[in-house]
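Feature annotations, reproduced from Swiss-Prot:
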COILED    6-30  coiled coil
BINDING   Gly75, Gly76, Asn77, Gly78, Ala79, Gly80, Lys81, Ser82  ATP binding site
COILED    346-506  coiled coil
COILED    553-611  coiled coil
COILED    673-706  coiled coil
REGION    707-824  region 'Flexible hinge'
COILED    821-846  coiled coil
COILED    876-1064  coiled coil
COILED    1094-1149  coiled coil
COILED    1249-1304  coiled coil
Amino acid sequence: MSDVFELENEIELESDEVIMENENVEEIVDAPIPFSMTTNNGVERGKFRSLTLINWNGFFARTFDLDELVTTLSGGNGAGKSTTMAGFVTALIPDLTLLHFRNTTEAGSTGGSRDKGLHGKLRPGVCYAVLDTINSRHQRILVGVRLQQIAGRDKKVDLKTFSIQGVELSQNPTALFTETVGERQARVLNLNELKDKIENIGAQFKQYHSITDYHGMMFDLGIIPKRLRSASDRSKFYKLIEASLYGGISSAITRSLRDYLLPENLGVRKAFQDMESALRENRMTLEAIKVTQSDRDLFKHLITETTNYVASDYMRNANERRGNIEAALESRREWYKAKAEQNLSQHRLVDLSREAAELAENERTLEVDHQSAVDHLNLVLNALRHQEKITRYQEDIAELTERLEEQKMVVEDANDALEESQAQFEQTEIEIDAVRAQLADYQKALDAQQTRALQYQQAIAALEKAKTLCGLADLSVKNVEDYHAEFEAHAESLTETVLELEHKMSISEAAKSQFDKAYQLVCKIAGEMPRSAAWESAKELLREYPSQKLQAQQTPQLRTKLHELEQRYAQQQSAVKLLNDFNQRTNLSLQTAEELEDYHAEQEALIEDISAGLSEQVENRSTLRQKRENLTALYDENARKAPAWLTAQAALERLEQQSGETFEHSQDVMNFMQSQLVKERELTMQRDQLEQKRLQLDEQISRLSQPDGSEDPRLNMLAERFGGVLLSELYDDVTIEDAPYFSALYGPSRHAIVVRDLNAVREQLAQLEDCPDDLYLIEGDPTAFDDSVLSAQELELGVVVQVSDRELRYSRFPEIPLFGSAAREKRLEELQIERDEVAEQHAQIAFDVQKYQRLHEHFSQFVGLHLALAFQPNPEALMSEINRERNEIDRELNQFNNGEQQLRIQLDNAKEKLQLLNKLIPQLNVLADEDLIDRIEECREQLDIAEQDEYFIRQYGVTLSQLEPIANSLQSDPENYEGLKNELTQAIERQKQVQQRVFALADVVQRKPHFGYEDAGQAETSELNEKLRQRLEQMQAQRDTQREQVRQKQSQFAEYNRVLIQLQSSYDSKYQLLNELIGEISDLGVRADDGAEERARIRRDELHQQLSTSRQRRSYVEKQLTLIESEADNLNRLIRKTERDYKTQRELVVAAKVSWCVVLRLSRNSDMEKRLNRRELAYLSADELRSMSDKALGALRTAVADNEYLRDSLRVSEDSRKPENKVRFFIAVYQHLRERIRQDIIKTDDPIDAIEQMEIELSRLTAELTGREKKLAISSESVANIMRKTIQREQNRIRMLNQGLQNIAFGQVKSVRLVVNIRDTHAMLLDALSGQQNEYQDLFNDNRITFSEAMAKLYQRINPHIDMGQRTAQTIGEELLDYRNYLELEVEVFRGADGWLRAESGALSTGEAIGTGMSILLMVVQSWEEESRRIRGKDIVPCRLLFLDEAARLDGKSISTLFELCERLDMQLLIAAPENISPEKGTTYKLVRKIAGNQEHVHVVGLRGFGATE
């Protein structure tokens, strides 16, 4: 596309219309606006002169000259105001990631279109947006960006930044970027053409390939207020411009106000970063040392594991070889021993077989006898049980007999009582009937007279009845009482007679009962007989009863005697059997007691001799065993000591190799250690002296390395505080030749501070807290300072200075001048050379000290672990001597065992014979008793008789005892008993008749008064009737009582009779059972005496014991036979096995000998036998050695995984059939390590010594770097102090900023201020850092974490409620090292009656928000300038410009306030406003977009403000 356009279609470059709207309006078309430079502390602030837009939509080549205060763009919608501002912003921040012109894209969108609103503002082809600036140095700089649309759907724009310097002020920017090709045509130059054009006019053109370089240039030349190092800085700057452009309070800025207002403390942060970097580097070096140490440990590990791997296998093979030889010898011994045992077992088999046959025969005989004894015992037990039942039944029968007699008497008494009660009851009934008859008679009388008459008649009837009964014809009322007394006396006499007869009758009955009882007892014993023969029979029985009783009492003695005789007979039979057995076993024929006693004496003497020999043998054997046990204990003790002694010998040998000495005694070791301590102390003193010297040199180097030459860092702070410069900094470029002069010229004041005004500084001196003891201040201009302030005269060796009228100072030229950087650098070079020499000497001596310390450590370990054993005798030599002695003792013990075995066999035989004799000798008298059988028969006959009497007494003893006291009653039979009984009956009958007569007479006597009623005796009829009634009632009550008594006596008689019947029935049944039991015991045919059971049991137990003993012996013999037979098979197998094992072991020994010879040859030829033959391993088991070898093999596989040669060698060595390959691997490892030794550093060929020297050197380096790390470390308290000072400084700065905001007013807002506070959580962190809490020091003393991580962990510890998210501790710690994170910033406004409020858009009107937001932005820009002042040139004050779009939202008063603010703060402002805005000050451009045909352009007219003055 052609870059040529018709000028008439775009803009008239030379004849723009000028409209004069006021007399004071001045035409400004195509003429630069008069520009005035304001000063800032004597330095003029840079200004933006103009904005040039080339080939933008509506602007082909338009330059907007910018007012020094306010430039207003006025026009309607679409006039191009936003496009103009967009060109300014694009030239200022050419970053497509940030540019976003929202009012030309989607409203309310955060993303916008893909071109960010820029693509549509450009015309096709090359476009430019250029800013023309003039900085504080009066340099004209044109900075801009070349824009070009990129064809495609994405509507992308390509940007390239550039700058132009050296262009004259008269040169119009438009003419630079265009070329006139005709009278009314011009062409836009591309970038290369522009570059050529600029170079042709003698200016400088520079293109930038990064936005950072572009902004760096703009900062250095004073165009932007802040160095934009990163995208974050550019984003902040763009957000500030955007907030200014669209007005209001930007939440993006207020939310992160700290990042905008508070400067980043780069110095402190860099110091922390440098410190942590140095610590990190130091720790990396330490880690590298650890890696080297791990390599050294790897080599050491390789040597150790290789030695364990090969030496354990070497010693295991040696132990196995020795074990195989011993096993072969042991197998041969077992082979011979098994053959001997086989011969012995065959002899035992024959003997035991013969004994087993004898025991079987004897056992059969004993089984028959035992079964007979068991049967006999069962019969005896049955007889005893029957006898017990018989005895029990006899006792029961005797008891029942007594009870029957007693019960019979009780029944007879009850019967008599019952009959008497019945008679009394009948008599009472008769009397009741008589009384009732009288009452009936009385009742028949109708009145009392009749009653009396009746009574009289009854009395007459009673009198007649009495006469009749008594046979008294002369009985009358007068003599009735006499007769009554007479008959009553007769009745009493008859009663006495009856009682006498009853007494006689009872006596007769007793005699009759005794006779009957005795007769029954006699019949029970002797059977039925006449009553007359009972006395003779009873007499005969009682005569024989005492002898039978005595004979029965002698039955137990007879039984005992018989039992003793039978036992004696059994003993006799047993003794005969023992004698036969003894003769059979001893092959003798001893019969008499004398022969047996003589043989017994001989055996006792033989036993004593054999026992004495055995005792001597046992004592000798015990002595030998004790000696052998002592030797074994000594051997075990030496075996336990041997590994430690061998280890001690190896350690001693290593010490001798390391020290080059030979030690014969422990005292030699102690003396050598003492001498080494003296040498170590001397070298340590030399090392410490060199260390002190090196520290001094480091301190001098550090002091001289200060960039300004100040030796005290406090001077820098004071110079900054006073606004001065250090004198040493002014003379920093002094040559080496002039350095001595100036050093002597200023003398002690060579470290003075040059200030502009001493009076201003003098006021601050009283407030100084931390300063040097002597502080020199010199008044002068730091930019033009010379030595004219002093009056001096140079001499040959020094300088004389006139201090005052009365004071001179003479200073000699220093030998080593330090005034000026050249002198310091020369001195630094000398000090560094000297320091290197001292460091080298220190390193060498430190190495020697480490070497001596390591050697002393080895000696100390040796003294603590091995000194007690190292110089003792060789335990293995002692063990071999002990083994030889033990073998001798074992041979002697074997001989003793053989002899003892023979003696014990003889002793056992003699004891066996003596035991049999001891059983026989006590029974010699039994053997001599020949009439024993006759005595047994005689005793048995006596016992039979006694048992018969005992049985008779047992059966009839109770009966005879009952018969004995009443036997005399049998002498006379009581026959007159019946006559006496008849006489008693007659007497009782007479008594009854007399009593009836007495009763009749008594009735008459009672009725005697009735005889007086013969005529009219009727008065007492009623009384008599009443008496009769009472009499009747009494008689009835008596009758009831007697009836009850009769009933009771009948019941009692029935109960007694029932008991009698039960007793009689029980007596009959038991008597029958007793007879049956007597018959059964007779059928058993055994005697059931007291000792029968015991004798039967003893007999059975004896036979059972003999049978059990015989069976046990037979079982034992059979087991022994089975065992011998099985042992015979086992012995045959054992003989074959031991023979086979012996041959196998012998073959193994022969086969292993070849491989072992190869191993020995390799180890001896390579001088490795001493390392492999570790005797202490010989005392470990094969499993332990194999486990050691396997563990070492696993470690070696890992260790040599990266070494192909060693890996292959190790793989070959794993073949257990070829142990020589392990030795070859051992040699290969040592050869590999020898090749790795650096001979220029380590002067040894032994890898172990090389590792030792490496360890010493690495320990020295580790100690040195650890000390350096301690120096680099920073304390938490110092960090807290730095943070507090920085925060205090920034708080003061914010306070100063607030002073500039006090008079700002927009609408109801009367003032604006910033509120800064320290966060509570971070205040706690500062307190914890500066406090004395020891619980937090563990974090800062931990070398495993950085200081930043320690800060983060401390923050988390004191604020556990805060969620840190996914951020690392290092990230959090770095944030905590930034003081800005400790502060909270808020903007407050003073609005009307509400007072101070938080500045938020919702609480303010639009104009108030715009004004407040502009105030905040001005504060941010001012803060940025202050922040960057230290890193910007001192002669540069940056440009200051802000934007405001849609200014119609501000009222006129606010616009005036804004203009006043710009004037007071020396700030330029670019405003876009509708056409109705016409500010009184500044410059206004009226923009009108015109369309001609298919093309459009913006018509621009510039106006000077109404209030402007020349």
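In case you wondered, yes, glycine gets a Cβ from its N, Cα and C as well.
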| message | Taking only the residues in the coiled coil (346-506), give me the average pLDDT of this model. | response | 79
| message | Are there residues at least six beyond either end of the coiled coil (673-706) with Cβ under 8 Å to its Cβ atoms? List them, or say none. | response | 713, 818, 824, 827-828, 831-832, 834-835, 838-839, 841-842, 845-846, 848-849, 852-853, 855-856, 859-860, 863
| Taking the center of the Cβ atoms of Gly75, Gly76, Asn77, Gly78, Ala79, Gly80, Lys81, Ser82 at the recorded ATP site, which other residues in this chain have a Cβ no more than 8 Å from that point? | Thr83, Leu1487, Arg1489
| On a count of neighbouring CB atoms within 10 A, which of the binding-site residues Gly75, Gly76, Gly78, Gly80 is highest? | Gly80
| request: Please name the residue among the binding-site residues Asn77, Ser82 whose C-beta has the most neighbouring C-beta atoms within 10 angstroms. | output: Ser82
| request: Using a Cβ distance cut-off of under 8 Å, indicate which of 346-506, 553-611, 1094-1149 has the most pairs with the coiled coil (876-1064). | output: 346-506
| note | Cβ neighbour count (10 Å, all chains) around Lys81 (ATP binding site) is 24
| query | How many of the residues that make up the region 'Flexible hinge' (707-824) does DSSP mark as helix, as strand and as coil? | reply | 45 helix, 25 strand, 48 coil
| Under 8 Å by Cβ from Ala79 (ATP binding site), counting only residues of that chain that are 6 or more apart | Leu1487, Val1488, Arg1489, Val1498
| task | Provide the three-state secondary structure of Gly78 (ATP binding site) computed with DSSP. | result | coil
